[in-house]
Amino acid sequence: MNNIRTIKGGVNLKGKIKVPGDKSISHRALIIGSIAEGETTIEGFLYSEDPLSTADCLRKLGVNIPEIKKDKPFTISGLGINGLKEPKEILNCGNSGTTMRLLMGLLAGQEGKNFILTGDISLNERPMGRVGKPLSLMGGKIFGREKGNKAPISINGNKLKGCVMGTPVASAQVKSAILLAGLKASGTTSVIEPASSRDHTERMLKAFGADITIRGEFGRNVVIKSGGSLIGQKILIPGDISSASFWMIAASIVPNSEVLIQNVGLNPTRTGILNIMNSMGCNYEILDKSTIAGEPIGSIKVKTSNNLKSFIIEGDILPKLIDEIPILTVAACFCNGVSEIKDAQELRVKETDRLKVMARQLQKFGAEITEKEDGLIINGQSKFHSAEVDSETDHRVAMSLAIASLLAKGTSKIMRADAASVSYPTFWEELAKLTN
């Protein structure tokens, strides 16, 4: 990653766009389609590095996935829950934590088969014990560096037993891994979270015919019963609200802007950013609401707002906007008053330490940000000057810095800007279109 982008401040954003397909749903459509019976057709797939890593690993497990082409639907021939093959080579998950953690759950119960998962330098330093430990309690045989916490990860497929599992943090990846393992475990597997996390896995498993029940306060208890089979489906993947968030915030804070973002997923476990935009006093409306394959979608129209209010992010809302914290940090710099992000320790083990990286890079523009162990304190009403900043290889940091550059006086440079392609390959083209 050595690509440099130059961005001129003082321009506005006008126009309408469609953002790429939802990354979370793209991963899950591939994985669940692979273990369903019959064919699954996927439209709106996110053609980017992370979901393509998932596709590559599944091919090595014997799944017939054709070459995926940008903006083209494709069809998977599923192997059924018991049909995955033992691979002849190591499964490389690239930079994708979702790929590695969900595959750990998928493969733990594949009796008598052995698997090795690895990733790039960054992924191999991210914590995997949070998935490995609950799977081990179900009978999984999972090994890795640093007592199973770091990849490369070795999995000896074993007979799993259903159980009731409480997770220490609200994590969709941990929950999803346990639910996928539950498909192969004896009896019933129940996951109880401290707060509700993204529920794309539950919605999709249900659409494919799994015996899954969601109960408890705010849907924090998910129960799956093994023994059934999944049936292939037609999946239309909505636009990713995490990718849309860059334009939603940009149109709110860049003067004289108006942007319409079409066909965005509005799953209530993902719309925390709308709650924060409400408290900021942002000027937006949701149009053309509908539901496709159990996922609510709509278009979001955003206009510039004056006198935005500062905000606090803490507690149960975190899982609903965890990926939007970098761009909300940029927004906070232009609100009135002091904003605070708390309870966000999880960001320290993302692709980078996002708290540290966002503070370090935005300070180069002149932002006043104090880093805390679990978050950030951000002084508003900043006057940004141009700067040379660095994504530090993190896709969400790269795109957040691009939006920050629009509010800086003069011309800024973003180093390693090609990191954006991990989740949004056309980001720079869309930025040029909206600012032209």
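Cβ atoms are placed via backbone N, Cα and C, with glycine included.
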Same-site residue for phosphoenolpyruvate (record: Swiss-Prot; known: K23, G97, R126, R354, R396; options: Q173, Q233, Q262): Q173
Length of the line joining the Cα atoms of D323 (active site, proton acceptor) and K350 (3-phosphoshikimate binding site), in Å: 9
Shortest C-alpha distance to S171 (3-phosphoshikimate binding site) - which of the binding-site residues K23, G97, R126, R354, R396: G97
Candidate with sparsest Cβ neighbourhood (10 Å radius) among K23, R28, K350, R354, R396, the listed binding-site residues: K350
Rounded distance in angstrom between the Cα atoms of S24 (3-phosphoshikimate binding site) and R396 (phosphoenolpyruvate binding site): 15
Integer Å distance between the CA atoms belonging to R28 (3-phosphoshikimate binding site) and Q173 (phosphoenolpyruvate binding site): 11
Rounded distance in angstrom between the Cα atoms of R28 (3-phosphoshikimate binding site) and G97 (phosphoenolpyruvate binding site): 13
